[in-house]
Each structure stands twice: as structure tokens, then as C-alpha cells.
Amino acid sequence: MKVMIVRDYDEMSRRAAEIVKEQILKKPDTVLGLATGSTPLGMYKYLIEMHKNGEIDFSNVITFNLDEYIGLSPDHPQSYHYFMYENLFNHINIKKENIHIPNGVAEDLEEECKRYEREIRRIGRIDLQILGIGVNGHIGFNEPDESIETKTHIVTLTEETINANKRFFKSIEEVPRRAITMGLSSIMKARKIMLLASGSNKAKAIKETLKGRLTTKVPSTVLALHPDVTIIIDKRAASLLTDEELANVELID
């Protein structure tokens, strides 16, 4: 596991965008796994800028988003469909048919989970999976006590996650209680994983992730089993790390 500790959110975003850019330059038909929320926003802004400057061509890139709220239509301002188009897809030359996001209003949600998993397998493998991390260590919407064997599935969100996401809604009552998410097994099949974290509120989750102790109580600890993980964190997210924990990882510049 490689760890990069950077100055602040902006530097985290820039360094993450550079890694995505390098991946696409190396493999123009790269399959990206994408995340939503405030953490990757800065990275998306840098990717848009790089595209406008002619540094990246997204025309052959394929994307799979980690998750989507159940009950929110694609045009709902808080749906992850809407988020991705507003903050990335509308500003780059990606083909619509190459964009994949779970359908949170599908008539048969269980079948939608199976369909999404089949589509990932049909394409092959995700080349670079981008992750954020929740305050409780969730990745995607895989909450504590989730089996590491899960594929794309329906999940009931914890109160902790609902409270963390209420800032995006007018009231906590509007926050969806369920979501479709790629499972831990789906995520771990990616060739490479890049996890981003910024801010002191993520420090405890990062500390648990880097302890090297696998526990279902902290879903992100499963990443220790993956052969190619890069974690980019700012100084505040790294603030609780000890020398012992840092000794377990490869620090990179």
C-alpha cells in the first residue's frame, strides 16, 4: 500500500488528477471507477481543465460509478447521475454510451444490481478505481459489517452516513435511506485503486485503514488485501497516524 501525504485538499486533488491523466495517456480506453461527494470534486475540476488544455482525451474512456441513491431520478439535483454530469461529464468529450451509473429508480432493483455487475464483467475489469472514505471507513456505500464477498447490491445507510450526507439536502428527512452500491468484492477486482481523503474528520478512518488489521467494522481495511493501492491524504487526514502505522506502508512523494 502506497501513501502520499500532501499539504492540503487542492494538492490532493491535483496529484490525483495527474494519476488519472497518466493512466488515460497510457491506456486511452481506460475503464475508470468513479466516486461522488465532496472529496473528488477538486480532482474533477483539474481533469476538466486538463481536457480543455488538450492534455486528456476522454473519447474512449469508460466509466462506472460506485453507487446511486435509491428513489432519486437521474435528474434529481442530489442524485449521483446529476452530480457526475454537472461536475465532470458535461465538460469533457466522453461518450454517453461509455458512462455507467446504477439506476436507483429501476422497477426491479435486485435485477438492476445483477445487470450492473454483469456490465462491469462484460467490459472486463476496472483499470483504476477511485474511492473516497466515510467517517466510519465506508467505501462506496459499503457500511460496517459488510461482507468482503459482496457484489453490487442494495444497502441500508447507517445513521452516521445519513447525518454526514444531510448537508446536501434541505432536511435530514429528504436524505435517502437506501442505495445501490458496488460491493467490496467488485471494488477489489480493480487493477489499481486510488483512495482520497481530506480533513481531520477523516483522520480516524485513515488511521484504522492503515493499521494493517482487517476488520469488517471498518470496510476500508479490506484494501490491505489489494496488490496496488495508492492513498492520497492531506496533512489533516494524516494527523492521527503514528510512526508505527506509517512504517507499514510505502510513503511516496
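For all residues, glycine too, the Cβ spot is worked out from N, Cα and C.
Residues or ranges marked as active site, proton acceptor by Swiss-Prot: ASP67 (among others). The C-beta environment of ASP67 (active site, proton acceptor), restricted to residues of the same chain at least 6 apart in sequence and closer than 8 Å, consists of THR36, TYR80, PRO102, GLY140, PHE141, ALA179, ILE180, THR181, MET182.
What Swiss-Prot records for ASN136 (among others) is active site, for ring-opening step, and it gives sequence analysis as the kind of evidence. When Cβ atoms from all protein chains are considered, those within 10 Å of ASN136 (active site, for ring-opening step) total 18, not counting its own.
Taken from Swiss-Prot, the feature active site, proton acceptor covers HIS138 (among others). HIS138 (active site, proton acceptor) is surrounded by 25 other CB atoms, counting those within 10 A of its CB over all protein chains shown.
In the structure as shown, the Cβ atom of GLU143 (active site, for ring-opening step) sits within 10 Å of 21 other Cβ atoms. Annotated active site, for ring-opening step per Swiss-Prot: GLU143 (among others), in sequence order, evidence recorded as sequence analysis.
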